[in-house]
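Enquirer: Below are the structure tokens for one structure; questions will follow.
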Amino acid sequence: MSQFRIAPSLLSADFARLGEEVRNVIAAGADIIHFDVMDNHYVPNLTIGPLVCEAIRPHTTAPIDVHLMVTPVDALAASFAKAGADIITFHPEASHHIDRTLGLIKDAGCKAGLVLNPATSLSHLDHVMDKLDMILLMSVNPGFGGQKFIPQTLDKVRAVRLRIDEYTAKHGGEIWLEVDGGVKVDNIAEIAAAGADTFVAGSAIYGQPDYKAVIDAMRAELAKVGRK
Ligand SMILES: O=C(CO)[C@@H](O)[C@H](O)COP(=O)(O)O
């Protein structure tokens with residue numbers, strides 16, 4: 001895996017051909033499959049559940065990164081761990097007991113992370129840094145693909161990068177910083193320069209006929225970033 005990771009969001013894939021869409025995007029050079037779970041309650045949209053995760057699992061050995069936009073969280077997190085997820089992230093305001101939910105995900109053998117919406121405070125990270133494998137910053141309000149990147153996210157990325165670097169310099173370990181929403185070829189370098197290392201892109205990749213061309217173009221942009 002390269003130092004920057006590209007994670008196509010299945011939300012923009014052809015749902016009638018999901019297995020093939022997973023294989024094609026990995027063959028095109030993606031690192032991770034991003035799997036958006038929406039419940040029509042926490043967010044105003046309804047997508048896919050653990051059965052679909054289980055169905056795509058045999059189609060790739062790449063990590064499946066499940067982003068839970070649901071409340072309540074715990075039972076579904078456990079189901080996704082059983083269904084073959086590698087990484088499970090959730091929104092702190094959707095869980096009554098953040099520390100317990102993170103522990104439950106890790107005890108099930110998955111990497112765990114928190115997701116912060118554009119207006120959600122970084123204070124949610126304060127007491128759980130030791131349990132985080134990933135922090136996912138939403139650069140759109142969650143619920144739909146194809147929205148425009150919110151530029152104020154860049155300051156948040158810088159602030160979280162600082163927190164991660166300070167924390168890992170002192171305590172060791174690794175915490176990925178993922179950004180999700182409106183990520184394109186023309187802004188990925190700026191987001192990386194601000195401190196992100198993992199990039200979710202739905203419509204930018206699945207909205208084009210040639211997935212490899214888009215992923216190659218993203219990697220070419222990332223190669224220009226001096227940070228790593
Ligand atoms: O979680 C979400 C939206 O809630 C995202 O993963 C979107 O699916 C990203 O789509 P694009 O903005 O890249 O089209």
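Placed from the backbone N, Cα and C atoms, the Cβ positions cover glycine too.
No curator has checked TrEMBL annotations; they are predicted automatically.
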Enquirer: According to TrEMBL, His34, Asp36, His67 bind divalent metal cation; identify which of Asp165, Asp180, Asp186, Asp197 is listed for that same site.
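Expert: Only hit among Asp165, Asp180, Asp186, Asp197 in TrEMBL's divalent metal cation site, alongside His34, Asp36, His67: Asp180.
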Enquirer: Write down the one residue from Ser9, Ser95 that TrEMBL lists together with His67, Gly143, Phe144, Gly145, Gly146, Asp180, Gly181, Gly182, Gly202, Ser203 as binding substrate.
Expert: Ser9
Enquirer: State which of the following binding-site residues has the fewest other Cβ atoms within 10 Å around its Cβ: Gly143, Gly182.
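Expert: So among Gly143, Gly182, the binding-site residues given, the one with the fewest Cβ atoms within 10 Å is Gly143.
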Enquirer: Using an 8 Å cut-off from the Cβ centroid of His34, Asp36, His67, Asp180, can you name the remaining same-chain residues around the divalent metal cation site, in sequence order?
Expert: Ala7, Ser9, Leu11, Phe35, Asp65, Thr89, Leu136, Val200, Gly202
Enquirer: In the three-state scheme derived from DSSP, which category covers Ser203 (substrate binding site)?
Expert: helix
